[in-house]
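Taken straight from TrEMBL:
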- 60-316: domain 'G-protein coupled receptors family 1 profile' (DOMAIN)
- 48-68: transmembrane segment (TRANSMEM)
- 89-109: transmembrane segment (TRANSMEM)
- 115-138: transmembrane segment (TRANSMEM)
- 159-179: transmembrane segment (TRANSMEM)
- 202-230: transmembrane segment (TRANSMEM)
- 260-280: transmembrane segment (TRANSMEM)
- 300-319: transmembrane segment (TRANSMEM)
Amino acid sequence: MEEVVNMNASQDFLEPMNFDSIFPQDDVMNGTTPLQIDDLVELVCYKYVGPTLCVIGVIGNFISLLVLSGDQLKESPYVYLRALATTDMLALLFSFPFMVFCIGTTNYFWRWYEIYVFIPLVNFFTASSVWITAAMTIERLLFVRHPLWARWRCNRNNAQFRIWIIVVFAVIISVPRFFCYEIKEEDKKAGILPTDFRYSTFYYVLDIFAIVTLHFIPLIVFSVINVYLVCELQHAKVLREELNLRSNRETEWQMDQRRFTVTLISIVLLSIMSILPAAIADIFLHAKFGYHLLRTLRNVSNLLLWCNLSMNFLLYCAFNKRFVRALTGMFDAGIFKVRNSLRKTKTDRTTVL
């Protein structure tokens, strides 16, 4: 009889690891067996830190989406940020039930959610997020290297077109994940069983392709371009000091571009921190390293990825004054509307009396 894989599904974002044996995670979660180091890391990551990050991230990305959908931030770079906020928020929304209900469960519905909702959809949203960030990084390089040409070519419509290409690519990469696992029930307990497709040569090639395109290529793009952008910013700062130029003599467009470049550098640094451990875990997985080490590394990389999905709002507030002005304006407008509504209600009551 085939043995059920009763474990957490999700690596790259989070694909389950290939072990055809039953792991005692239910007992670990219930406190009936001693905790291994990897069990403890998983418990902390998924039961405590992860859900907190999800809640913070959903709220932050929702606020970012409201601000970026306003009339003040319509340029090409902010189109990418709006798409990024959308994919990050949806990835976190689908991740939250997984962490709260799926870890250690044998309930059929939550196993179904794990393999048919969480794995494919969260992988889709995170793949989109990675390449939206990569596209934004490449466009920022063009703005720095060829500002006049980029100002003409890198417009809102072109940004939207590139985002749709990325979405289609992410769909193609993610669809096979719907067919990797199936649910097997024994004694009213549901477990996860890898399908034949999961072990096929086709899926192996597809998995290698996904690892290269979602981890290693973005990692190279982020690292090289980020170093270049940091050097260019430093060079521009030295040049301004040598020429004794003051900020108020710069055009508003130049100042906005510089602020956005700083914002992007911070976003990319956070992305590198989340992708690098995942890339190392991919190497360890295919090099057949020990299960416990690989599981711990995967849990940490997943936690860093959730952190990456959750923190962009804080980076916008810290480094992008234009975003902060738009955020302040949105809240001021909301407060003004509430006050007017209260005044109108009070006036109507006075008139009736």
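Positions of Cβ are set from backbone N, Cα and C atoms, glycine also.
Just going by CB pairs under 8 A, the stretch in 48-68, 115-138, 260-280 that sits most against the transmembrane segment (89-109) is 48-68. Here the transmembrane segment (159-179) has long-range neighbours at 15, 76-77, 79-80, 83, 116, 119-121, 123-125, 127-128, 131-132, 135, 139, 195, 197-198, 203, 206, 209-210, 213-214, meaning same-chain residues at least 6 beyond its ends whose C-beta is under 8 angstroms from one of its own. Here the transmembrane segment (48-68) has Cβ contacts under 8 Å with residues 78, 81-82, 85-86, 88-89, 92-93, 95-96, 99-100, 302-303, 306-307, 309-314, 316, 323, 326-327, 330 of the same chain, all six or more residues outside its ends. Outside the transmembrane segment (260-280) by six or more residues, the chain places 12, 77, 130, 133, 136-137, 140, 143-144, 211, 215-216, 218-219, 222-223, 225-226, 229-230, 232-233, 297-298, 300-301, 304-305, 307-308, 311-312, 315-316, 318-320, 322-323 with a CB less than 8 A from a CB of the stretch.
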